[in-house]
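S.K.: Sharing the features that TrEMBL gives for it:
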type   : residues : note
REPEAT : 206-239  : repeat 'TPR'
Amino acid sequence: MSNKPARLLQKYDLLLEHLDFEYIRQCTNGREVENIVKVLRSGEEGYFPQLTAFAEERLKSLRPESRLLRKEQPLATKHTLPEEQWREISNNLHDWEYRMKTLTDELRSAQVESDDTTVPRIRGTFDPFAKEEEPERVPQSKVIKYCDYDKWDKFDADTEMLKMDLDEERHREMVRLNNQKNSEHPKIVELPPEVKLSQQEKQVIAGKLREKGNDYFRAKEFKEAVEEYGKSLDLFPSAACFNNRAMANIKLQRYDQAIADCNQCLALEPQNVKALLRKAQALTSTDKRREAYKVYCDVLRIEPTNAVAQTSTSTLRRQLPDLPPPNAVRLTIEEVGNDVPEIDFRELIRPKKVIKDKLPDAIKQ
C-alpha cells in the first residue's frame, strides 16, 4: 500500500470537471464551493487565478461567513499608519503612563503616612505593593530527567492531566469556600425545604457520583474515590459501586472495609465474580488463606476456566498441603442408632442345597 497522501479531489469527493466556471456558477452548495476553493488554492491541479477569484466570489455570495474568506491584516506600526495618527497614539500612551506613575506615587505615600493597619484591603482591587508570591516549585525528586528513559516509559500523561484537572477543581472549591467564609456581611440565605428525589433521580445522581469516583480512581486519588463512592451509595446502593469501593479500599490497604463492601455486593448479586475475587484478594492480604481458598473455589464453581482463581488455588495448595482439591465434594456420614436389628451375615453365605461328596465311593471302586 502506497504511503502517498490522497489528492484533495479524492478527499473532498470532487471531479476534475467540477473545476469549471459554468459548474461553479450553477452550484448552490456552499460547502462544495468551499472545497473547490481549497483545491484551487492548493495548486495540485494547476494554477488558475481567474477561476480561483471567481470561486471566491461565488463562495462569498453563498457563505459570506466562511473562514476561507478571511484575510490577515498586518500589524499597525509607525511605518504603516499616517504620521498624525501615530503621533496621537504615542501621546495618549505617554499620558496614560504618566497618570499611572502619579497614581502609584500617591498610593505609596498614602500607605507610608497611614498608621491604621486594621483596615483590610478591598477585595478585587490590585495592590501594587503586595509581594509577589513565588510560584510553587516542583520537587526535584518528581522531575524526570530527559535522559531517564525508564521513567519516561512509565509516565502516563493522561493520568497526570486528570490529576491537574482534579487539583484545579479542588482549588476552585477551596477559593469559593474561603471567599464565602471571609465575607464581611454574609447574606442570610433561607434554605429551601428538603427536596424529595424520586428513585430514578437518585439513580441518575448516584451514577454521576460513581463516574466522578472512577475519575479519581484512574488518577490514583483513592481516598477521594472512596468518598465519592460513599456519596453514591448513600443515594442508591448498587453492586457495581460496592465493587468499585472495595477495589479502592484494597488500594488503600483497608482490607476489612473491602471485605465488607464485597459482602454487600454479593448480597445484591450472589454470583458476582469480581466481588468474589476481590474478597479473596483481601482475605489473602489479611492472612486468612483458608477462607480465601474457599472463595476461590466458589469462583471456580461459577467459572471453571477462571485463570486468576486457578492460579491462586494452586498457589494456596502449595502453601497449605492439607487443603482439598477445588472440585472435592464433602460427604456426610450418618451414625446408625442401636434400635436397628442386627443382620446375621451367616444366613447370606449358608448354601441352599447340600451336595453329597462322591469321592469316597470312587476310591472304593
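Yeah, the Cβs are placed from backbone N, Cα and C, and that goes for glycine too.
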S.K.: Give the nonlocal contacts of the repeat 'TPR' (206-239) in its own chain as ranges (CB under 8 Å, at least six residues past its ends).
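M.R.: Distant Cβ neighbours of the repeat 'TPR' (206-239) are 159, 162-163, 166, 197, 199, 245, 247-249, 251-252, 264-265, 268-269, 272, 275.
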S.K.: For the repeat 'TPR' (206-239), what's the mean pLDDT in this predicted model?
M.R.: 89
S.K.: Under the DSSP assignment, what numbers of helix, strand and coil residues are found in the repeat 'TPR' (206-239)?
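M.R.: Going by DSSP assignments, the repeat 'TPR' (206-239) contains 28 helix, 0 strand, 6 coil.
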